[in-house]
Structure formats: C-alpha cells, structure tokens
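Asker: Pulled these features from Swiss-Prot for this protein:
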- Arg100, His127, Pro128, Cys129, Gln130, Cys260, Leu261, Arg288: carbamoyl phosphate binding site (BINDING)
- Asn158, Asp221, Ser225, Met226: L-ornithine binding site (BINDING)
Amino acid sequence: MKHFLSIKELTQQQLLDLITLAKTIKANPAEYRHALDGKSVVMLFEKPSLRTRVSFDIGINKFGGHCLYLDQQNGALGKRESVADFASNLSCWADAIVARTYSHTTIEQLAEFGTVPVINALSDLYHPCQALADFLTLAEHFENISDVKLAYVGDGNNVTNSLMYCAAILGATMTVICPAGHFPDGYVVAEVQELASRYGGKIVLTSDIDAIEGHDAIYTDTWISMGDPTPLAEIKDKFAPYQVNNALMAKAGAHFFMHCLPAHRGVEVTDAVMDGECSLILQQAENRMHAQNAVLVTLFS
C-alpha cells in the first residue's frame with residue numbers, strides 16, 4: 001500500500017489487515033509508542049475539522065512522530081502555486097502528507113507529484129479514514145464482519161461512498177436509503193456493485209424507508225454536506241421521513257446507531273438516539289485515531 005486515497009483501492013485482505021492492526025494498536029498502544037519515531041507528517045486542510053485533525057495529531061505524537069498543521073482554509077490548494085509544486089516541495093521535508101480537500105483531484109495530484117505517502121482525510125468523493133474507523137467499530141461488536149447488516153439513511157455523500165466500498169469488499173450487507181435525487185453518484189454505485197459481486201457483499205439502494213427493517217445498525221450523516229450552501233429549510237420536509245429517532249430504530253430492530261459527526265441534533269437524528277444506549281458515536285470517534293494509526297504504521301512499514 002503506497003497511499004490511502006480510497007477504500008476501493010484495497011483488497012479484502014488489506015482491509016481486514018488494517019482492521020486487525022487497528023484492534024491490536026488499540027489493545028496494546030505501548031507496543032507502538034516508537035512506531036513513528038523520526039517521522040514528520042504534514043496535514044493540509046482546506047476544510048474545518050475537529051475529529052480528523054485532533055485524532056491524527058495526537059495519534060502521531062503518541063507513536064513518536066511529529067505533526068505539522070498547514071491551514072489552507074483561506075484558499076484552495078493550487079491557487080498560490082500548483083499542487084504539483086506544493087507536493088514535490090513538501091516531499092523534500094515531510095515523510096507523509098495528510099490532506100482534507102474540497103476536490104478529490106487535489107488528493108490524487110498530491111499523490112502523483114509527491115514522493116511520500118498521501119492519506120485522504122476527506123474529499124468531496126470519499127472519507128476513507130472515517131469508513132475504516134466505522135468498520136473497526138462494527139468489528140468490535142460482530143465476530144464476523146461479513147455478517148453485519150448496515151443501513152445508511154439520509155443524503156448520499158462522501159461518507160456513504162466509503163462505507164459502501166467497505167461493505168462490498170468485506171462481504172457485508174448495506175442498504176442505502178435516500179430521498180429521490182440524493183443518492184450516491186451512479187458511477188460510484190456501479191463500482192460498488194462490481195466489488196460486491198467479487199467479494200460476496202450485498203448493496204441495495206432505495207427511497208423506501210420501510211427497507212430499514214432487519215438491520216443491525218443505522219448510520220446517518222448531516223443532510224447538507226460541509227460547504228453546501230443549500231438552506232436547510234429547502235430540504236427539511238423532503239428529508240423528514242428519514243430522521244433517525246426511536247421509532248425508526250425500533251422499526252429496524254437495530255441495536256446500534258452510528259454518525260460520523262458533527263451532527264445537527266433534532267434534525268437528522270434526535271437527542272434520544274444520539275445519547276441513547278445504542279449510540280456508538282464516541283466509540284467511532286475514538287476509533288478514528290486507532291484506524292488512522294494503523295494506516296500510518298502500514299504505510300511506513
């Protein structure tokens with residue numbers, strides 16, 4: 001594994017190995033306290049971040065590495081100088097680049113023109129670190145990850161894409177339930193279905209909220225993605241039937257609730273579900289660090 005740009009680029013064994021390593025790191029962190037000794041990692045963020053930035057920074061430091069944060073929120077990469085020049089210069093000093101960008105093309109250019117590993121910390125198309133942490137979380141509750149039946153409810157976005165790739169490659173079942181016009185991009189769905197066919201996964205997309213029945217976990221995200229100027233009032237009525245509340249959890253028979261955060265409480269999910277016994281949101285947040293450290297250890301090994 002040279003970079004970590006998208007889940008779809010991994011084999012089933014590579015994905016399972018990352019989950020296994022993340023479990024080991026979480027259980028025995030002291031054994032890895034020197035795993036990143038002497039390594040310097042640059043973080044380039046065009047978008048705001050809490051969990052991604054803090055989990056990378058603290059995780060890298062816990063393992064003996066050094067993290068440098070470059071705030072790009074006042075302008076996209078490539079405006080002041082080309083992404084190619086940016087990547088090649090950073091590669092002279094840094095051992096890896098972690099990037100959160102508006103365009104996935106920027107991530108790909110960093111990997112193409114740099115000479116060090118690049119990790120996608122979120123782009124418009126994918127959020128692989130989040131999905132890896134989420135399936136690590138599920139793997140802590142299911143002996144066989146392929147037995148998982150996950151339902152995603154709401155707006156099809158970058159998180160949805162990465163979750164679908166994970167489910168397909170791991171041979172799990174995932175139902176994506178979105179209002180009409182808010183499904184993941186067709187070419188992503190086609191890639192996911194090809195991977196599901198290869199690895200034994202089952203991915204279903206529908207607008208029918210009744211399809212929620214018979215799932216182990218319900219996952220949702222904000223109805224409007226970061227940077228989308230659409231007013232919430234314009235879509236609230238359309239999305240209202242897809243709110244995750246106690247009634248929907250009961251209808252699904254779900255034991256777990258998941259959200260990548262930040263959440264709009266009372267909008268896509270109620271407080272009762274967010275703070276309830278079924279909620280895995282803090283476990284997901286903690287697992288971001290362990291999953292990302294597994295990626296870093298793998299890239300540097």
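Note that Cβ sites are derived from N, Cα and C of the backbone, with glycine treated the same way.
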Asker: Given the binding-site residues Asn158, Asp221, Ser225, which one's Cα is the least distant from that of Cys260 (carbamoyl phosphate binding site)?
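Answerer: Going through Asn158, Asp221, Ser225 one by one, the Cα closest to that of Cys260 (carbamoyl phosphate binding site) is Asp221.
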Asker: Determine, using Cα-Cα distances only, which of these binding-site residues is closest to Asn158 (L-ornithine binding site): Arg100, His127, Pro128, Cys129, Arg288.
Answerer: His127
Asker: Between Arg100 (carbamoyl phosphate binding site) and Asp221 (L-ornithine binding site), what C-alpha distance do you get in Å?
Answerer: 18
Asker: Whole-number answer please: how many Å between the C-alpha atoms of Asp221 (L-ornithine binding site) and Gln130 (carbamoyl phosphate binding site)?
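Answerer: If we compare the Cα positions of Asp221 (L-ornithine binding site) and Gln130 (carbamoyl phosphate binding site), the gap is 12 Å.
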Asker: Excluding near sequence neighbours, so keeping only residues 6 or more apart in the same chain, what lies with its CB under 8 A of Leu261 (carbamoyl phosphate binding site)?
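Answerer: Sequence-distant Cβ neighbours: Leu50, Arg51, Ile281, Gln284, Ala285.
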